[in-house]
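*Asks:* The structure under discussion is supplied below as C-alpha cells; questions concerning it will follow.
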C-alpha cells in the first residue's frame, strides 16, 4: 500500500494537517528576519573622517571646519574615507576651488564620525567597518551563509538518519543560544563566529520545515502546503522591516529577531514525526500511532491501518529492510544512479542561481532610490502575490517551466536596471520590485519542486545538498557588491548572467506535476 493511500484513509487533508502546517509556519516567519538581517545589522550610515581639534578652529563653525578639512565629491558631498593632511583655509574664501594636488589628501587618521539620525548603532559604526575595512562588513553576511551552507550538509544527513522532528528541535534550540550570544558580542571576531554558528543552526530550521509538512500532505494539497509555508517567509520579511524600524540598536535588534524561536520550540510539542520517515526506517508501530491520531483529528474514527502495514510487510518496510542490509544512504547516493545524478547536478545549479540572485537583490535595498525600511517592506509584500501566481502556474503550467522562467525573468529584470539611467528612479524601482517578485516566485517553486524530485529515503539528503548549493550562492552574493570598484555595474551584470544561465538549466529537470512522491531510488530511476 502506498503512503498516499494511507493518508487518504486518514482523511487526506484535514484539521491534523492544517495544525501541523500552521505550527511549522511559526519558525518560517523567523527565518528571513535572520537571513536578511544584514541589511540593518551591518548598515553603513553616511560618515566622514574625524577631525582633531586645533586652536585655529576656535572661531570657525563646524561646517567651516569640515570645509577646510575634508575634500568633496563632484556632487558636493563630503568624501567618506579621505581628509586633507593640512587645513585648506583658502577654501573659506572660495569653496569651489577644490585642491587638485592629491599629495595633500590622505586616508582618515583619527577614525570616523557617523550620522546617527537613522541608526543608533550598527556593527559598522561599532567597529569602524568602513573604507579599507568595508570588506569585513560585507563578510559578516558571508560568514552567516557559510554557516548555513555547513548546516545544510549536517542537518540534511542527520534528519534522514535520526528523524525530522528531533533535528528541527535541536536546530531551534541552537538558534536561540547562538543568536543571543551574537547579541552579546564584544568583538568583531566573536560576532563573526557566533553568526556563523547561528547560520548552521537556522539551516536546520530552513531545511526541515517544508519536507516535514509535505510528508504529511496528500498529492492534491502539496502545492498548497508549499505555498502556504512560503507565504510566512514573506510575512517575516515585512516584520523585519517593522522591527528594524523600531529597534535601531544592533544588539537589541539581534535579541528581537531571535526571541520568537522560543515560541516555536514550545509549539513544536504538538508536531509529530513524519510517518513517511518512520515507515521508511522500519518504525511501523510509531507511525501507526501517529496515523491513528491523524485519523481521529480528521474525523475518521473508523480508520484502521491495513494488515499489510501492521504486520510489517508493506513495501515501505521492505524498502527500509533492504536499506539496512545495503548500508545507510548518504550524499554519495545522490550521484550513484544516472537519473538521480542528473537531477542532483541540475537542481544544484538551479538552487545556486535562485539564492544568488535573490540575496543579490534583497541586500541592495538602497540601490533603487527608496527608503531602506520601505524597500524591505515592499520587497516582502510583493512576494505574496508572486506566491499566489506560483500556486496557479505550478498546477496549470507545471513545475519545470514555472521554475525556469521565473529565474530567467529575475535575471532580465536585474539586467534591465543596468541599462535604465539612474535618473529614472520610479522606473528603476518598478523594475526592481518586479524582479523581486520573480525572484521570490523562483524560490517558492524550487522548494516545492525539489522536495518532489527526491525519494523519501534520500529526500533530506537531497534537500541538504541543494540547500548547500543555495547557501553557497547566498554566501557569495554579498561579496559580489565589492566588484563595483572594478566597474560600477559589474555586480548587477553578474547577478543577471548567473540567473539566466541557471534558469535555463531547469529545463533539463523532469516534471513532477500530479506525480506521486517517490519512496525509493527505484521509483526515480
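A Cβ is built for glycine as well, from the same backbone N, Cα and C atoms used for every other residue.
Pulled the feature table from TrEMBL, pasting it below:
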type: DOMAIN; residues: 87-513; note: domain 'Major facilitator superfamily (MFS) profile'
type: TRANSMEM; residues: 12-31; note: transmembrane segment
type: TRANSMEM; residues: 139-159; note: transmembrane segment
type: TRANSMEM; residues: 166-186; note: transmembrane segment
type: TRANSMEM; residues: 192-212; note: transmembrane segment
type: TRANSMEM; residues: 224-246; note: transmembrane segment
type: TRANSMEM; residues: 252-271; note: transmembrane segment
type: TRANSMEM; residues: 343-361; note: transmembrane segment
type: TRANSMEM; residues: 373-394; note: transmembrane segment
type: TRANSMEM; residues: 406-424; note: transmembrane segment
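I'd like these features described in context: how deep, what's nearby, how far apart.
*Replies:* In the predicted model, the domain 'Major facilitator superfamily (MFS) profile' (87-513) has a mean pLDDT of 85.
When Cβ-Cβ distances below 8 Å are used as the criterion, the transmembrane segment (12-31) is approached by residues 168, 172, 202, 205-206, 209, 212-213, 216-218, 220-221, 225, 228-230, 232-233, 235-236, 239, 257, 260-261, 263-264, 267-268, 270-272, 293-294, 297-299 of the same chain, each at least six residues removed from its ends.
Under 8 Å from some Cβ of the transmembrane segment (139-159) lie the Cβ atoms of residues 34-35, 38, 41-42, 123, 129, 167-168, 171, 191-192, 195-204, 206-208, 330-331, 359, 363, 460-465, 467-468, 470-472, 474-479, all in the same chain and six or more residues away from its ends.
Listed by sequence, the residues of this chain that lie at least six past the ends of the transmembrane segment (166-186) yet keep a Cβ under 8 A from its Cβ atoms are 27, 34, 151, 155, 158-159, 194-195, 197-198, 200-205, 208-209, 212, 251-252, 254-255, 257-258, 261-262, 264-265, 268, 271, 273.
Proximity of distant same-chain residues to the transmembrane segment (192-212), defined by a Cβ-Cβ separation under 8 Å and at least 6 residues beyond the stretch ends, is recorded for 20, 24, 27-28, 30-31, 34-35, 139-140, 143-152, 154-156, 158-159, 164-165, 167-168, 170-172, 174-175, 177-179, 181-182, 185, 226, 229, 271, 274, 447-448, 451, 459-460, 463-464, 467, 471.
Outside the transmembrane segment (343-361) by six or more residues, the chain places 35-36, 141, 145, 334-335, 379, 403, 407, 410-411, 414, 432, 435-436, 439-440, 442-443, 446, 449-450, 453-454, 462, 465-467, 469-474, 476-478, 480, 491, 495, 498-499, 501-503, 505-506, 508-510, 524 with a CB less than 8 A from a CB of the stretch.
Residues of the same chain lying 6 or more positions beyond the ends of the transmembrane segment (373-394) and with a Cβ under 8 Å from any Cβ of it are 32, 36, 39, 223-224, 227, 230-231, 233-238, 240-242, 244-245, 361-362, 365-366, 402, 406, 433, 436-438, 440-441, 444-445, 448-449, 513.
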*Asks:* Hey, which bits of the same chain come close to the transmembrane segment (252-271), Cβ under 8 Å, at least six residues off its ends?
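*Replies:* Same-chain contacts beyond the ends: 19-20, 23-24, 26-27, 29-30, 33-34, 37, 40-41, 165, 168-169, 172-173, 175-176, 179-180, 182-183, 212, 240, 243-244.
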*Asks:* Give residue numbers and ranges for long-range contacts of the transmembrane segment (224-246): same chain, 6 or more residues beyond its ends, CB-CB under 8 A.
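*Replies:* Contacts with the transmembrane segment (224-246): 17, 21, 24-26, 28-33, 36-37, 39-40, 209-210, 213-214, 217, 253, 256-257, 373-374, 376-377, 379-381, 383-384, 387-388, 390-391, 440, 443-444, 447-448, 451.
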